[in-house]
Amino acid sequence: MDVFLIIIVCVLALLLMYVNVYLLALYCHPEDGGFGSSFFCKIVVVLGLTLSWCQTLMLTLDVTNERNQQGLDMHLCWIIIYISVFVMLVFLIPIAIFYYESDDEKPICQRITLTLVQEFMVLVFAFLTIFLTYFWLRDALVPVTVQVQDATLQFQSSELDLNIDTFTITEEKQDHIATTIDPITFTIGLMCFLGYFFLILYGGIGMVALPLDLVCSYGTRPVFKSAAQATEKKNRLKRVVAQMIGYAKKLRDMEKDVKCASGWWSKRKQNSKVEKKYQKLVAAVSELEEECEIFLLELDIGNANPLVYIFKLLLGIILFIITLTWLLHILLYVIITIDGIPFSPWLNKLFIQLDAYNVAFLSVFFFGLFTLYLLWCVTKGNLVFSMPWIFKFHPMKINETWMNSFLFNIVLILISSVALCHFSTCVFSQYTRLTTVDLLFGTQIKYLKIFSWAFENKVFEYSLFSWTIFAGIIQMILKCRKPKLIDQIDQRKKNLKGNYEIELKELFLK
């Protein structure tokens, strides 16, 4: 086994594990923080995200194993991965959701019993669905080309010599070989078929939203105050605070004068003036406090490194290029065909040529990059589509996401990752040829009766391409949203009157 490949896979696995934990910490609601009752849910979330990323790493490992004849049993590895995915989808995640949503005021035994009853219903539904569909739709019709040939036999020195050039095709016809798929492979196919709907939905949104958000964050970046501007604003606020204190002292002296005044009418008149000035002073102090808070928020933003926004811009441009490359590859290799042959192999040719030039690690790297990017887009699309202003069912918001919403969306991402593996083997079929995953998806699952019509007619590839274009146009038309903190600052600035200093000065000079 290639030691370099093992090191790269392990480093990527650790890095992706860290990213999963970071996403959990970023979106988790503060009341779900720590190691309380939701600790088991957090473990399930991290495992679910890790399994989704792990499948893309397995693709690169499978390709390398087939190219270098490493002897690793990839069929067993894929079966273990997809059994783990199935267990997560129908057992661990539902149990975590049911237990999390149970009444925490009830005894723990009662909560566990209720959770197990609900999980039993889920298992019955899942296995009943699989059993019924498998019983009726377990057959696959694999297309084959039958050729009847005639050959001229030449005998030399009592040895049979078959000269290929002398063979002539007398008959050729298309036929099918009927085969029965085992239950595990059928279940994988069923998960793949269901996952395609979420892959198209989230992947199409994320392929544009991911780079667009990075570019827009640069366009809506805050205008950083210089040190001189910040010092000037700080000195002004100090001066205004000193004036407020002076006005408050004057007001206190005026209250003393009211008490010493003679006559009921005179006291009432002076007290009315004092009360009016007091109300104005309170309103001015309140606005000054608001202005000071806004200034502190601006200082916090100003402390951010401007290079961060430049990095986001550059990264957004790079990701836009990757998105356009993905779309161009789908267009040239899948959509445009001439007599059933792809118009251009595009990325397939690039990866194969890198293999031929003895830089196979680059072909594996770029292949892994494109598959990981697509899964990243699926995750981004899930976050965008579940926003409260788009889709209010289990929304994902930073620091406001409850664990049951997390778990629900992990189900969608996890089942999408199964379809993503099949999609990658289809659009990179020349590069992944003869790999274990290609034989699994391209020979068995592809020709199942229930799925063959969609796979043979490229329904999912067409849908992803068209939905990405449509979703991209809609997202580009919409105005880029400002960061939440900057939007709050702008809104609070609009609510400020800004003339309280002049009003107070005129009022106390009267």
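The first residue you see is number 1, and the count goes up from there.
Positions of Cβ are set from backbone N, Cα and C atoms, glycine also.
Unlike curated records, TrEMBL annotations are generated automatically.
Taken verbatim from TrEMBL:
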COILED    271-298  coiled coil
TRANSMEM  6-27  transmembrane segment
TRANSMEM  39-59  transmembrane segment
TRANSMEM  79-100  transmembrane segment
TRANSMEM  112-137  transmembrane segment
TRANSMEM  188-212  transmembrane segment
TRANSMEM  313-336  transmembrane segment
TRANSMEM  356-378  transmembrane segment
TRANSMEM  406-431  transmembrane segment
TRANSMEM  459-478  transmembrane segment
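Count of Cβ pairs under 8 Å against the transmembrane segment (39-59): among 6-27, 112-137, 459-478, the largest is for 6-27. Residues 4-5, 12, 52-53, 56-57, 59-60, 63-64, 67-68, 198-199, 202-203, 206-207, 209-210, 319, 322-323, 325-326, 347, 350, 413, 416-417, 420, 423-424, 428, 431 of the same chain lie 6 or more positions beyond the ends of the transmembrane segment (356-378) yet place their CB under 8 Å from a CB of it. Proximity of the transmembrane segment (313-336) to the transmembrane segment (6-27) is not established, fewer than 3 Cβ-Cβ distances being under 8 Å for residue pairs spaced 6 or more apart. Between the transmembrane segment (79-100) and the transmembrane segment (6-27), fewer than three CB pairs separated by 6 or more residues in sequence fall under 8 Å, so the two stretches do not touch. Counting only same-chain residues 6+ beyond the ends of the transmembrane segment (188-212), those with a CB under 8 A from a CB of the stretch are 82, 85-86, 89, 130, 133, 181, 315-320, 322-323, 326-327, 374, 376-382, 384-385, 412-413, 415-423, 440-441, 444-445, 448, 450-451, 454, 460, 463-464, 467-468, 470-472, 475-476, 480.
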